[in-house]
Amino acid sequence: MKINKIILFFFLSCLYLFSSSVSAQQLLGEIEITEKSFTIDASVINTKINYLIDNTITKPKLSVTSIFGEATSIDDILRISDDKKSLTFGDYTSSTLSSSNKLVSKINLNSLILISFSTIITFGLFTKNNPRSSSKPLLFIVLLICISIFNLSNSIKISEVSVRIDIKVPSTFKFDSLILTLGSGSSIINGLIASSLKIDGCTTNSKDHSIELNQISISSELNICSTKEININEIQLTSTNVKLNLTSSSNVNLDFHNGYSGSFSINTNDLTLDSACETFKDSNTGIIIGTCNGGSDNSKLSITAITGKTVVSNAEITCPIDNSWRVTVGADNVPPSPSIITSQPATDFIFKKNDLVYMAQYGYSNQSITDGPVENSFIVSYPAYIPPSNFLVSKIIGSPTFKANVKYQFSISVKLGQPLGSFNRIQNMSLYFFNPRDITDPINGASQYYELKDTIPLFVHTFEGNFTSNTEFALTKIEFTPTVDIGTSIFGLRIFRTGFTGGDVVTVIIKDMKFTILPKTITQPTLLIKDSELVNLPKPSTSFDPQDSSTCPYLANDLVHWHNPSTWPNGIIPSPSSNITLPEGKKVLISPCSISQTQVYKWIKVPSTSELIFADSPMDFHVKDIYVEGKFIMGTTKCRYNSKINIIFHGEKTLSDTISQYYGSKGIGVSSSGFISVHAKQYHNTWSKLSASAWSGDYVVYIQDNVNWEVGQKVVVITSYYQDEDNNQNEVMTIAAIQGKTIQFTEPLKFFHYGGQEYQAEIALLTRRITFQSSDVNQFGGHVMVMGEGQFAGLGLIGMGQRNIKARYPLHYHLGKVLKNSYISDCSVTNSYYRCYTIHGTNNVTLTRNVAFDVSGHCYYLEDGVEMDNTISFNLAAYVHPIGRPAAGPSQIGEVFVESDNLRQPADCAASGYYITNAWNKIIGNTASGGWAGYAFPNLDKPIGNHRTVQMIPKAYSTKVFEGNTGHSSGHFFITGATIYVGANLTYNEVDGLLYYDSGRFERFTYKNGTVVYGNEVPMRFNNTKIYLSNFGIGHWGEYVEVVSYESHDNIRSASIFGEAWLSKAIVNGNSNNIARSINFNKQGFQYYDTYVKTVLSNISFRNYIRNPKSLNDEDDNRAIISMTHGDVFKPQGISTARAISFVNVAKSQIVGHQVLPTSGSRYFNFIDWDSSITGKKPGQPALVGSHELWYKFDNTCEYNSDWTCHICEKGNKEIANIQFIIPGLIDDGVLVYDSFENLNVGNISLFGSGITERRSTIVTKNQGVTGVSNMGWYLYLKAGSPKYMKIWLSQVVYGQHIFLALPYPTQTTFIIKSNYIWGSAINYNHVFSLASSAADVRSGNGTKYYFDGNFLYVKLVNLVLTGDPSEYYERDGVKVYWVRNSFSVSIEATNTVTPPTSDGFFKNLPDNLPSSSL
């Protein structure tokens, strides 16, 4: 048994070694081709020949790869002649191996190994103890078989060998002669340049060899014979004396690159020849002869395909090479527009399975709605024993929309899944339209639970129908008329059965469930005559750019044609697969016929002395890379092209620099010495706004501006919805007709788009005559990167940009420093994988009148923080998407994102329409829709990227000009997000080399010219700004800001501005007439901040803040002005003022919202109504508004407003004051204590004197700071007792004001009281207080005296440093807000030897009695 196993192992080893000796796909070797005349004889072998252009090599080479057969080395099957000019295939295994051709074949080696191995085993077996083993004869047989096999395999059968021959040459190499003698197989020859090419596949054997030639260039002779089909595509004849002889037993397809001029003789069964050739048939031979393009016999074409078909194409010379010839210039052919329709057809809005969610009290699952049996149908399944009511809820919010008092139609076809019975009988159905906040979210909700309780829908309509058949669908069609406009709503169809289901599942099949907007006559509505009530939104000039056709670049008389062989140094027009460098010093003109419009050009370089100029004629140009050191011209400022020219960029995703070093791949790179100019027809305006609202089902819209848009072009109608990213209501439409400012679409609108007086949806043109676009490969589009001057106008960029690869953006000025005449005007970017228009390390560039739609990452992008003095004007950015998970985070904190492969610029988690790292640029007349923010001003402490070593502070620069900009539908990802967001922090980490982006609150100090010097501070200024449908309209975390002339509509909050902040000349409108607005959110006009700011509101009209009885509290309700009451550690000082405030459709109860909480933020809330325009207290005179605490009831003018939960008083000679008690161990300086109210409470402070007898007090906590009314007595009582030492910062006791402070102490206490000013001064403010004669003497004194009456210590707190200088307050519009500064303090040190303080430093057990009311 053991010997049999050995024999089996031995035999299998033999077979394995034999099979390995004939394995395929093995590189046999390479040969360098050194001669320009070369012959290959492969007549005895099957070959697959590939001729390839390879610019990675400098000399031609030939490689041979085994496909099938026994060859293991090229020495086995070919020989090269001594003169290196020919190569012959054959069986050379029996030849004697020379010293220069040392080869031991794999087969011979295998044979040697196997025979040696066999001998050893055989010897061992024969010498074993059992000489009679019957296995020995079998072993001999196996051994003989193996030896025979390997002897047989040692001899190659060349006829059974198949190889691939790859001939690779650099693109500039030209053969004088290439001769191929072929056996069976195939040949594909691409890009060959030769004087003579001969391919013989006929004479040596009868085996078939197919031949395909693509884009070859021949200057003398082409001779091909094949028994199979011959295909020649785009052959280029580079002289006027070329002989072509083609012979085939099958078909011949001959395609010329630029025509053929010469004679021909064709013998074929079937001939197709284009009209450029004159033919006649020889009556004797039947051969067709003639000439093409009037040519002579200098060039001759002979084709023999007697049994086959011959096609000769593109024989016409469409591209003459005469330098004076020009292609016909493209005309400005504007498609005629039909008349605008006067009646609108019906429009159906069908609900399919994936549009709906099943909701009920219970009994729901993800199988409640499944696919139906026919188109537009679905099955509703009811499990056992469930209640009789359920909803089918639409996932499509806001489509369709319905006008009040207009008739609409709803239809549904129903078939029961089982015969009608008591468990599946449908009693009725109802159309419900819900406010989104009143129903489970059908899109993002995690539950299907819904129970109709006390919810009041926007509209409901109940109907009965034919719901009884289980054999066929029964149609129910009803009409309904809404009583209210229905915009942002969630539609639910309630199906109400007569009872619970039984023990079995029942089903209902529904088909063609739809709303129908009925046909109507189109009547032009009343159109807007201005776009804003208050702000002035500038518009670009109505003039078109002046044109002068005589200056067009293609008319120059010193141009040479791309398609002229003499243009090129080697006399050969380069093939697309080659690396092409334009000849030095030449201006090369490309016409449509100059190039292949289907082949992909690999790489084109324009040297510094050369120019590549395109004709103004329609063409498609497929290319991978273009590198421009000279000039790339496709139109100029004064010669815009009318033709449709399309450049399509190709290439797989790579990080390699295939254009040139640092320029990446798949696009155009323009060096610092280069210049690019692309100018297509000017469409103006590139975007406009609606002049009337457009409804679901509308075909016709009305716009505000004259435009020259065209039938067939695409436009986008921008959303009128808040949460743009969650519910895309931007609609791309095609123009069917256009007349003046009226546009008709080919399809109806699905959504409502608002065009009211408050604001209007934008409409933007997407189509352009010249386009750059990409073959879509893994979000790896083309890009244009310009380091020199670049001018672009009227260019469309589609599917461009390379996701998460820096510097690979659709259109990009890169490290250009200060440019002189560069701009991007009236261009469009759509469906971008990475940004829109980028300015990087470049100044003095203009981006104007451009459009961008559907973009990932920041759109208009200033990259490193050094970009200044650029103009960004009259542009549109819409539907901008954060990359990855959008930044969120609690409150003001935000989140930190770190640079990674999936988020190369971490700030893209908060992608914006306009990303402005340095504010010293002109931002004028733009609009932004969507995105995390519309306009983002991140904080950069220093530049990033290529400019990390530049010494500047980008965030220190203020706005150069920010004028007339609008934004909407953004800010909703972050609780304090805003459409204009001045916040977040972007830093470069020197340790790990990565960017870090923190999306939250960061302070920002801005200075004149960015020079950080005290006294040089200037505000960021935002003029004539309109923000709507936003979270916070403007969010500014900086220190200096002015917002002047501002409209806020439908924002959750109009603005959140900090530091020295002025909001003036504004309309703050809580609710517009836009039915698509966010009705599911409460809104507040403005929230006063809670500490260390100076806020002035002036000349503001608050409108349409309507009470919501379901609000959580007064701050959550729809109020015009609200407090900030969330915490104890931050104490409001006298920091908030207002003047000239008015209200429209705001009930008095909704003017102020103050939430009563046990926090210092709530207790100390206050503001000054400078002219009583808010309170109506004493018109023209200032009023003081204080919180709910009696502490603010400082005189008899004070009244408590229960709606506001605030006191309203005449201000008189009072001001808001703030002092900060520092008591070691109780109230520590600079320590923030977060704890419960009970643990924070350390005592109280009360008003006294001025006739006050009752307690008017508030709580004092462990967090420093007490705010109240100045020129009043303040009595401090601490539960721990009065301290032996305390310091009092006079943080805000303004000039001319004081606080008369009283504290209880035990009798016989003595005091040392001092004042201290922490800064140096020529005047001594450090005093030791003297003992006065009475409390009255202290109060009437200068603030350097004290008095102790045996019960109370009296000190008058006066900030002795103040003089009333304007530097002590912030003033705008005649309104002052005083500084809060901890620089002047008063310290009190108490000593009592009779009743000493306890060890913790307090005098205990003191009575709590108010000082005299007569003081």
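Note that Cβ sites are derived from N, Cα and C of the backbone, with glycine treated the same way.
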Candidate set Asn151, Asn1099, annotation N-linked glycosylation site, source Swiss-Prot, matching residue: Asn1099
Cβ-Cβ distance under 8 Å to Asn428 (N-linked glycosylation site), same chain, at least six residues away: Thr462, Phe463, Glu464, Gly465, Phe496
Distant-in-sequence Cβ neighbours of Asn1244 (N-linked glycosylation site), under 8 Å, six or more positions away: Ser1257, Thr1258, Ile1259, Val1260, Tyr1277
Position of peak Cβ density within 10 Å, selected from the glycosylation sites Asn366, Asn466, Asn985, Asn1342: Asn985
Average model confidence [pLDDT] within the repeat 'PbH1 1' (819-841): 98
C-alpha spacing of Asn1023 (N-linked glycosylation site) relative to Asn1342 (N-linked glycosylation site), in angstrom: 45
Fewest other C-beta atoms within 10 angstroms, as judged across Asn245, Asn1023, which are the glycosylation sites: Asn245
Integer Å distance between the CA atoms belonging to Asn466 (N-linked glycosylation site) and Asn1099 (N-linked glycosylation site): 61
Rounded Cα separation (Å) that holds between Asn844 (N-linked glycosylation site) and Asn1009 (N-linked glycosylation site): 16
Cβ neighbours of Asn1009 (N-linked glycosylation site) where a neighbour is any other Cβ within 10 Å: 11
Helix, strand or coil at Asn1009 (N-linked glycosylation site) [DSSP, three-state]: helix
Secondary structure content, the repeat 'PbH1 2' (842-864) (per DSSP, counts of residues): 0 helix, 16 strand, 7 coil
Residue among glycosylation sites Asn245, Asn366, Asn466, Asn579 with Cα closest to the Cα of Asn1009 (N-linked glycosylation site): Asn579
Set of same-chain residues at least 6 away whose C-beta sits under 8 angstroms from Asn579 (N-linked glycosylation site): Asn55, Ser171, Lys602, Trp603, Lys605
Residues in the repeat 'PbH1 1' (819-841) grouped by DSSP into helix, strand and remaining coil: 0 helix, 17 strand, 6 coil
